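The transmembrane segment annotation in TrEMBL covers 12-37, 57-80, 87-106, 112-134, 141-164, 170-191, 259-281, 301-318, 330-351, 357-382, 394-414, 420-443. If you look up TrEMBL, you'll see 17-448 marked as domain 'Major facilitator superfamily (MFS) profile'.
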C-alpha cells in the first residue's frame, strides 16, 4: 500500500502535503500553455483588449514570463532560507493570482505584459522552492517518487489548458485558473513547515512534532529521534563547509570546464525549439497546412500527453543507461524530427504533397524528446557533476541563464517565421539540436561515477 498504515507509522501526510505543494507545477503548466489557445482570441477583432494584437505583441507576451523568471531564481532561494519553505511556497501563488486578476479586469496590452511577467516570477519560485520543500518533507525512500510528481503535474496542467482552450472562452479559462490558485494557496496554509528548516532556525521541539506527525509516529519514537539527529548533523556539516566565492570556483580547472560545458548544454536546451511548439501549439499546427480533420486545439493535447509518457519512460531507463547516451540520443531524435518537419514543409511550399500525419508526428517526437532527455537530463548531470560545495552557486547561474535564453527563443520565434518562414525555422532548430548532440558526446559520463573520477575527466 502507498500509505503503510501499521504500527510502524504511515506516509499519508507526506503524500498529501507533497502533492498539495507540487500543485504549483500544475499551475505553472496551465500558464505555460495559456498563450496557445488564447492567441486566437487576442488576435481576433473581438479581442478582450478591444483590438487585435500583432504577432510582435504576441511574441512579447509569450516570452516575457521566462525573462522575468531569470531575475528571481536567486531571490526566491534566499527567501526560502530567510522566511521558511512553506510560506514562500504560498508566496509563489500570489503573483499568479494578481496576474489573473489583471487579465480579467484590466484589458490593456501593457497590463497584460506585466501580468505575464508576474507569471514568470511565480515560475521562478515554483522551480526553486517547491522541490526543496518536498525533498525536506519526505522520508528518503519517497523523495524520488513524490519529487517526480512535479513533472507529471506540469504536463497535466498543459493538458488541462489545451482542453479549456478547446471548450471555453478567454474569461472562463482565467476564472478556472484563479480557482486552482486559490485552492492550492488555501490548502498550503494547513501544511507543516519543513523539519530541516525548523532545525535550521533552532525550533527543535517543533521539528520533533512535525517529523512525528508526517511519519505517523510518536515524538519519542527512535525513528523520529534518528531523523532529527541526522538533520542536525547535516546542518552542522553545512555550517563548517568553507564558503567558496566565484573567483575560487572558477580558478579550479575541473569546475571551470564543467561550468563551460553545462553553459553550452543550456544554450542548446534553451533554443531546442520544443518550447515554441508548446507555447504556440495551436498557431504552429495551423501553419503546417495539415488537413487532419481535428481542430488544432484538440491536436495540441497530444504534446503534453506524450510528454507525460516520455517523463515516465525516462524514470524507468535513466538508471539503466548512461547519461551521455540518453542525452545525445534525445538531441539526435529531436534534431532529426525538426529537420524532417522543416524539409517536408519546404517540399510542401514547392508544390509537393506530404502526408497529413507527418507534421504533428514530427512535433510529437520533438516534444517527447524534450521532455524525456533534452530538458530533464541536464539537471541530473549538473547535480552529479558538481559537489555540494559549489553546486548551489553554479546551478544558480546556469538556471538564471536558462530562463533568460528561453525567453529569447519565444520572443524571436514569430520574427524568425516572418523572416525565413516556418520551414527554415524548423531546420534551424534541427541544426541546433544536432549541435546539442555533439556537445552531449563531450560530457563525461556521470551515472554511478565517483566524484573524483568526474573531476579528473573534466581536468583534461
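Every residue gets a Cβ built from N, Cα and C, even glycine.
Contact between the transmembrane segment (394-414) and the transmembrane segment (57-80) holds: at least three of their C-beta pairs are under 8 Å, each pair 6 or more apart in sequence. Among the recorded stretches 12-37, 259-281, 330-351, 420-443, the one sharing the largest number of Cβ pairs closer than 8 Å with the transmembrane segment (170-191) is 12-37. Summarising model confidence by region, the domain 'Major facilitator superfamily (MFS) profile' (17-448) averages a pLDDT of 87.
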